[in-house]
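Asks: One structure coming up, written as structure tokens, with questions to follow.
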Amino acid sequence: MITFSVTKMDAEKALEVVGGFGRYQIGATALICLANFIYGQQLVLMVIVGATPNITMENQKNLTTIVTDFDLYGEKWVTDLIQGLCMGGFLVGAVVFGQASDLIGRKPVFLLTSILMVISCFCSGFTTNWKTFAVSRFFVGLFLGGAGVALFVTLSEITGKSVWTKVGLIYQCSFSLGIVFLAGLSYAIQKWRIICLVTSGLGVVILSPIVFFIPESPKWLYAVGKSEKAEKVFQKIARWNGKDATNLALDHVSEESQKKTHTFLDMFRYKKLAVWLFSMAVVWFTSSLVYYGLTMSASDLTSDLYIGVALLGAVEIPAILSCMFLMDFKWLGRRGTVLVLFLICFAVSVTTIFVPAKYGTAILALGLTSKLCSSGIFAVIYVYTTEIFPTPLRTVALGTSSTVARIGAIVASFIPLLLVDLPILPYILFGASTSLAAILTLLLPETLGKPMPQTVEEVVNASYQTLGQAENETLVQVFVSNIMWILNIKYECVLSCRLKNRTLEFQ
């Protein structure tokens, strides 16, 4: 009689068995990146459809926008309000649907919000006044916030740890490419109503295959005690990847964990999670403040609307691709990369304060440097946030962080007003916020080479001593231990260089 041994394993180990990045993940990544390609277009759509055409430019003479159709000349506050409503909707959607995604699953939330987002965008093209258009854009932002968070977390939970960094950053690049594509599409069409209809149509074409191809997250199923359903999903992945998962069997999560429903409040029941969430929220807020503050105060980068929008997207790609290598460098990791980029932003902001206004080129170069760094930070923290928090709270954490980032974007809308009264004040604000964010980054754990935590208990019971933070340390001790950790790295690097030099001398 032939017997087969079955080894029980958790979801992380099961993903390794079925293949962390095979044909299935390649297809899933392509589809989800295409979805983010659509999200990028929707979030910056107002830059095009809310613009006042520059009739001195030949390529804008036939451009129609809500300004021309709704007679909003000289009413800049209206277009700013509409964009603010879209961001506000995104803020609400990220929190509400982020919580729903952790309670009922990633796929139901993505399915519902994607359908409603496409419908809302489609309706935008048929509005007859700016007020109804504003309402439609609010709902686009609301459902986009939910769909984006649910889909990104799903991608993180079906991708192997060894390639997750690169996959997460490629996902960010697709957002930027969506902005570049929107510029080209708008140049070709030049009719705002048709632009709304075409982008919503693209949403239907691109998002529909995801519904059938992407299953519920197996890690979420495992975390809520649905091990049998999780096994079926893993077996599907194994078949696509050409792996044998016949004997795959998952450990059963304890009954206590299954019955436990985690909510946003759970973040504050545990000191460790509360500190991490607060620190990460400040990091997200600061990144958004600097990025959107510089973007809004540099709107006159070029008189050509289409080139300006295209550059807005294209400038982010080099920063994102650079972070792809920095995040996996063992002396930096996720935390170190974020810390270094914040320190550069701080140095640039302080330097800008002392640069005379007549040196416009130098100020532009410094501002562009800060924007590149803030783009890189955004790319890193999207990946970093999903790696820090456990599966039952992952979407809540990402949704909360994204919400705080939208608040930063709203605050950034007042940056141009500060520039009028006191030009150096925004850079003082940038310098203060980036220095605070850099300090709080030291409170976050390093996740390079570590599996994603699957339960709250796993995080709470872990000591993270290798991250420079013992279980019972006070915040002051954490700061000191992390500073010593950085100094130790510097000492090891210097010692390594000296040993190499000595070796050369003996040779």
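Note that the numbers count up from 1, one per residue, in the order the chain is shown.
Every residue gets a Cβ built from N, Cα and C, even glycine.
TrEMBL feature annotations, pasted as is:
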type     : residues : note
DOMAIN   : 28-449   : domain 'Major facilitator superfamily (MFS) profile'
TRANSMEM : 77-97    : transmembrane segment
TRANSMEM : 109-128  : transmembrane segment
TRANSMEM : 134-155  : transmembrane segment
TRANSMEM : 167-186  : transmembrane segment
TRANSMEM : 192-214  : transmembrane segment
TRANSMEM : 273-293  : transmembrane segment
TRANSMEM : 305-326  : transmembrane segment
TRANSMEM : 338-357  : transmembrane segment
TRANSMEM : 363-384  : transmembrane segment
TRANSMEM : 396-418  : transmembrane segment
TRANSMEM : 424-444  : transmembrane segment
Asks: Does the structure show the transmembrane segment (363-384) and the transmembrane segment (273-293) touching, where I'm treating 3 or more Cβ pairs under 8 angstroms (sequence separation 6 or more) as a contact?
Replies: yes
Asks: Honestly, do the transmembrane segment (134-155) and the transmembrane segment (305-326) touch, with at least three Cβ pairs under 8 Å and pairs 6 or more apart in sequence?
Replies: no
Asks: Among 167-186, 192-214, 273-293, 338-357, point out the range having the most Cβ pairs under 8 angstroms from the transmembrane segment (109-128).
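Replies: Stretch with maximum Cβ contacts: 192-214.
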Asks: In this predicted model, what is the average pLDDT of the domain 'Major facilitator superfamily (MFS) profile' (28-449)?
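Replies: The predicted confidence over the domain 'Major facilitator superfamily (MFS) profile' (28-449), as a mean pLDDT, is 83.
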